[in-house]
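Each remark here refers to the structure printed beneath this line.
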Amino acid sequence: MTSRTRHCARLGIVLLGICCIASGIYLFRNWIDMFTRMRGQEMALSPNSRSFEGWKVSPLPLDFDIYLFNWTNPDDFYVGSNKKPHFEQLGPYRFREKPDKVDIEWHNHNASVSFHKKSWFYFDAAGSNGSLWDKVTTVNSVAHSAARRAAVDWFARTGVNIANKLYRQGVTITKTVDEMLFKGYEHPFISVGKLLRPQDVPYKRIGYHYPRNGSSEFDGDINMFTGADDIAKMGQIHTWNNLTHTGAFEGTCGQVHGSMGEFFPPNLGTKDTVYMYMPKMCRAIPLDYVETVTVHGVTAYKFSGTRHAVDNGTLYPDTRCYCVGGKCMPSGVINIGPCSFNASVYMSFPHFYMADPSYLEAIEGLRPEREKHEFFMALEPNAGVPMDVGGGFQANYYMEPIPGITLYENVPTVMIPMMWCEERVRVSEEIAADIALVPLIVLLGQIVTGILLAGGLICTCWYPTRQVTHFCHSDPKAKASVLRPLNAFGVNSSAATAPVAQLFRNNISSSGNERVGVRLLDYNRDSGIRLESGTMESSHRERLISEDSPDVVVR
């Protein structure tokens with residue numbers, strides 16, 4: 001191989017190293033974004049995408065557990081009884097939910113899809129603790145709501161007092177679990193209300209989940225982004241019932257945003273907050289990162305509802321807009337009256353978990369526990385896919401005395417717990433295995449980036465270093481052959497030999513003024529190489545380099 005060929009090969013190695021370093025730096029800065037774009041093209045929701053069927057009809061079994069609070073001492077509910085309302089929890093009453101998306105319409109102009117959610121609920125007797133025929137006593141919310149509306153007018157108050165006696169209304173009502181939940185029950189005040197003001201009473205019956213079973217209107221019309229133009233927007237709500245602001249709460253509290261629960265933004269971090277939109281609350285619930293967990297071997301970030309999620313300005317100023325009509329309750333409950341025909345209904349975490357202690361102090365029978373009552377979502381951070389979801393919310397009724405209404409003039413002010421629901425879904429091991437590929441691909445990209453950077457550094461730095469090392473350890477004749485031709489190009493050979501002479505000088509001067517024995521190489525044009533040995537005084541050393549000779553003499 002000629003010297004020119006060797007030179008070109010060496011130059012090629014260095015250039016290859018530079019290219020590897022540049023590629024490694026580019027991947028280091030852009031790999032996550034590149035992978036997100038590639039995955040977005042594959043995962044964006046469309047009629048032909050892989051995610052469509054799983055989104056339309058969930059492939060996972062969905063357990064919907066309902067717990068009811070049975071009021072055991074309603075006869076002692078009056079001012080001066082010195083007895084707190086006592087409740088016992090009944091359930092769970094488990095239902096298997098079969099959800100479906102219907103009335104699907106695609107909107108390519110803004111990469112969104114509109115749909116209605118339709119769910120069927122089937123009672124699971126084997127998984128339940130009780131039957132649908134169990135009796136439960138709870139607050140008569142319809143009668144109290146009618147009394148609240150009539151409180152400002154004397155004629156209305158008189159009419160409500162007469163109706164309460166005529167229809168034998170009490171502070172509480174007792175029904176079967178089936179009637180309380182999906183079947184519903186008839187109430188005389190609802191029948192009268194439909195005759196007087198039908199626009200305010202859209203239903204014939206009342207029940208906690210009536211008429212949710214088999215209804216496509218219960219959650220309203222939902223429009224969400226598909227992620228076709230931006231994968232980070234996939235699954236995020238755009239409008240609810242054609243609204244971007246519900247009007248239920250002022251300012252940002254009434255904005256429509258967040259996820260419906262199927263998709264969340266990718267590339268999540270521990271500082272992020274995710275939002276889940278709750279149609280029946282007319283608001284989004286913030287979930288904050290709490291810990292890193294493992295689900296079927298896949299690392300996931302657990303986001304949970306904190307005190308911030310159920311505050312109304314008591315603890316966090318930014319949540320003050322959840323106060324309705326200037327009335328702010330102690331932290332821990334959410335007023336959903338604007339979403340529930342202005343009923344005095346409040347939502348909280350089960351058993352008033354993370355709520356102000358005053359709610360628990362006013363009643364008996366409830367005991368909040370994080371393991372049982374936490375609302376959480378474990379999300380795979382790279383893809384934003386839910387791995388494990390659990391928890392729910394509790395419905396409460398705010399009971400207060402109403403002057404002029406005989407039935408409610410002497411009742412204490414108490415937040416009455418009625419029921420709470422828990423949805424639990426966890427991905428199967430097969431689905432988890434597919435999801436596990438996402439972090440592996442991300443890791444693979446990082447490994448390739450490291451290999452490119454390391455290989456580039458080796459090619460760029462190792463070869464020149466090897467050449468210098470080889471030169472320093474070569475024999476004197478080889479060094480002379482390298483240095484001598486420099487004169488032909490007008491280069492002062494003394495400058496070229498200076499590093500070698502400096503090396504000799506350093507080796508000698510390291511002994512101070514002591515007499516040292518050294519073996520010196522004297523380069524000579526005629527003889528080629530001459531070895532001189534001697535002993536000399538280091539303080540009298542001097543290097544002489546002839547202008548017409550590359551000989552180095554040390555004396």
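Glycine is treated like the rest: Cβ placed from N, Cα and C.
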Next on the checklist: Test of record reading: of N242, N507, which one does Swiss-Prot tag as N-linked glycosylation site?
Outcome noted: N242
Checklist entry - Out of N129, N492, which one does Swiss-Prot list as N-linked glycosylation site? => result N129
Checklist entry - So, in DSSP terms, is N70 (N-linked glycosylation site) helix, strand, or coil? => result strand
Checklist entry - CA-CA, which of the glycosylation sites N70, N242, N312 lies nearest N110 (N-linked glycosylation site)? => result N242
Item to check | N70 (N-linked glycosylation site) and N129 (N-linked glycosylation site), distance between Cα atoms, whole Å | outcome: 14
Checklist entry - In angstrom units, rounded to an integer, how far apart are the Cα atoms of N70 (N-linked glycosylation site) and N213 (N-linked glycosylation site)? => result 23
Checklist entry - Taking the Cβ of N342 (N-linked glycosylation site) as centre, how many other Cβ atoms lie within 10 Å? => result 14
Item to check | N70, N129, N213, N242, N312 as glycosylation sites, winner by CB count within 10 A | outcome: N312
Next on the checklist: Can you tell me which of the glycosylation sites N213, N242, N312 is spatially closest to N342 (N-linked glycosylation site)? Compare CA atoms only.
Outcome noted: N312
